[in-house]
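To keep things clear, I will list the structure first and then write my remarks on it.
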Amino acid sequence: MAMNPSNVLLASSSARKMASGGGRNGPTLVCAPIMAESVGKMVANMEKAKQGGADLVEIRLDSLKSFNPHEDLKNLIKECPLPTLFTYRPKWEGGQYDGDEKKRLDALRLAMEFGADYIDVEIQVAREFNDSIYGKKPEKFKVIVSSHNYVDTPSVENLGNLVARIQATGADIVKIATTAVEITDVARVFQITVHSQVPIIGIVMGEKGFISRILCPKFGGFLTFGTIESGIISAPGQPTMKELLHLYNFRLIGPDTKLFGIIGKPVHHSKSPMLYNEAFKSVGFNGVYVPLLVDDVANFFQTYSSADFSGFSCTIPHKEAALKCCDEVDPVAKSIGAVNCIIRRPTDGKLIGYNTDYVGAISAIEDGLRGSHNSNNTGDSPLAGKLFVVIGAGGAGKALAYGAKEKGARVVIANRTYDRAREIADTVGGDALSITDLDKFHPEDGMILANTTSIGMQPKVDETPIPKHALRSYSLVFDAVYTPKMTRLLREAEESGAVIVSGLEMFIGQAYDQFERFTGLPAPKELFRKTMANY
């Protein structure tokens with residue numbers, strides 16, 4: 001079989017050996033970028049960086065409004081409670097400095113003389129700069145030579161050549177920052193870092209490059225950047241230190257950590273990383289769970305095909321496309337025509353697709369009808385014989401229609417496009433409606449309503465799929481949207497006298513099932529509830 005050039009091949013022992021220290025000594029460092037208009041603000045932020053758990057700070061001299069090199073560098077180094085990395089980024093490399101080049105490089109040499117631990121110089125000037133400090137470098141001082149590409153991520157061959165050119169300038173540490181057009185671009189940078197024989201920083205900028213910042217301890221990166229607070233970033237896609245250390249448990253990630261994630265578009269609103277990473281940590285499972293902003297699912301699975309990429313949750317809009325990428329599909333998922341969970345089987349690397357959506361939602365709805373969380377599940381389902389109206393004809397809509405039908409309910413599918421509703425109704429055995437007909441649809445009282453569309457999800461929290469007056473015919477209303485927890489639909493349903501079931505219940509229910517498939521361990525159910533209650 002021809003090898004996909006961007007495939008991340010990490011299973012070999014040599015790759016693991018490299019990842020655990022070929023090009024670097026010790027764990028991947030967390031560096032907090034310090035950008036401020038005054039030295040005073042910078043010093044205050046250094047203290048925050050230390051308290052937040054950073055290992056070092058990157059002092060961005062180009063962000064200062066006024067700068068007196070002699071005085072300011074001495075102060076910054078003297079006052080800094082952490083090791084320092086000085087960067088004075090010019091406009092031509094994406095920074096803010098727009099002055100004389102000699103003055104810029106003089107300031108960096110001065111930082112070295114005053115006791116900086118690292119400085120960052122751009123590849124274009126690195127050889128000349130390194131020649132100028134030859135024989136004058138303090139023993140522990142290191143030069144990072146960097147290259148920034150704000151357009152795309154080159155091929156593995158071109159990246160390899162770039163790293164060689166950076167090394168040839170006399171760099172102690174190589175830094176390459178590229179831009180992700182697709183999430184699969186990150187694989188090429190992982191491939192370069194894992195095989196690097198020199199300390200290397202490999203960052204892929206932008207939202208689609210986010211995993212490069214979280215997973216660098218696995219692939220042997222020298223450091224990653226974490227901001228002191230959200231919104232104040234020095235490059236696109238940076239997480240906060242708090243997210244790195246406490247949401248993604250960065251210090252626990254190593255060469256053998258298994259990777260899991262949620263495939264979707266959009267995906268950064270998802271609470272799954274918070275839930276699974278907290279649970280992995282609590283049971284001592286060596287895994288990390290990340291958001292995966294994917295455009296093309298088939299390309300994603302083809303690229304990230306190593307055993308380390310162990311399991312995936314799948315959300316809007318990829319649940320149906322992902323099913324086609326699976327080598328085997330659970331019969332239930334096949335009937336539904338959508339998967340929300342994919343496991344890479346360790347024995348042969350095959351992708352196995354499941355649908356756990358309906359389990360969480362249906363049991364939450366049954367509990368709502370019975371009137372309690374922990375009711376006894378014996379006997380017939382309270383859904384038997386009920387009229388069950390599903391809004392939406394995507395993967396989740398199909399799953400709920402299938403689940404309700406299995407429990408003996410009569411199913412009606414309402415969708416914007418009637419033909420799509422009809423198609424699913426025919427598949428599961430039910431009736432179809434256009435969503436606009438819902439306000440007049442009340443053949444009986446005590447019906448069940450389940451919204452499986454994203455109507456009402458943040459940021460469009462004022463939207464609802466059905467007018468309030470029509471909710472009087474329903475005894476229970478479920479909304480798959482869980483951001484916000486109380487959607488407009490649920491609020492109006494409660495005001496109309498219906499029992500309401502939040503999407504959080506479906507989310508937690510399907511998460512139990514996925515956690516057990518991911519880890520082979522029983523789900524820590526109390527912890528899941530507690531984590532989501534805090535959110």
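Keep in mind that glycine also has a Cβ here, set from the backbone N, Cα and C atoms.
Features as listed in TrEMBL:
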type   : residues : note
DOMAIN : 262-342  : domain 'Shikimate dehydrogenase substrate binding N-terminal'
DOMAIN : 383-450  : domain 'Quinate/shikimate 5-dehydrogenase/glutamyl-tRNA reductase'
DOMAIN : 503-532  : domain 'SDH C-terminal'
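The domain 'SDH C-terminal' (503-532): residue composition by secondary structure is 25 helix, 0 strand, 5 coil, according to DSSP. Broken down by DSSP into helix, strand and coil, the domain 'Shikimate dehydrogenase substrate binding N-terminal' (262-342) contains 32 helix, 20 strand, 29 coil.
Mapped onto DSSP helix, strand and coil, the domain 'Quinate/shikimate 5-dehydrogenase/glutamyl-tRNA reductase' (383-450) counts 29 helix, 19 strand, 20 coil. The domain 'Quinate/shikimate 5-dehydrogenase/glutamyl-tRNA reductase' (383-450) scores a mean pLDDT of 95 in the predicted structure.
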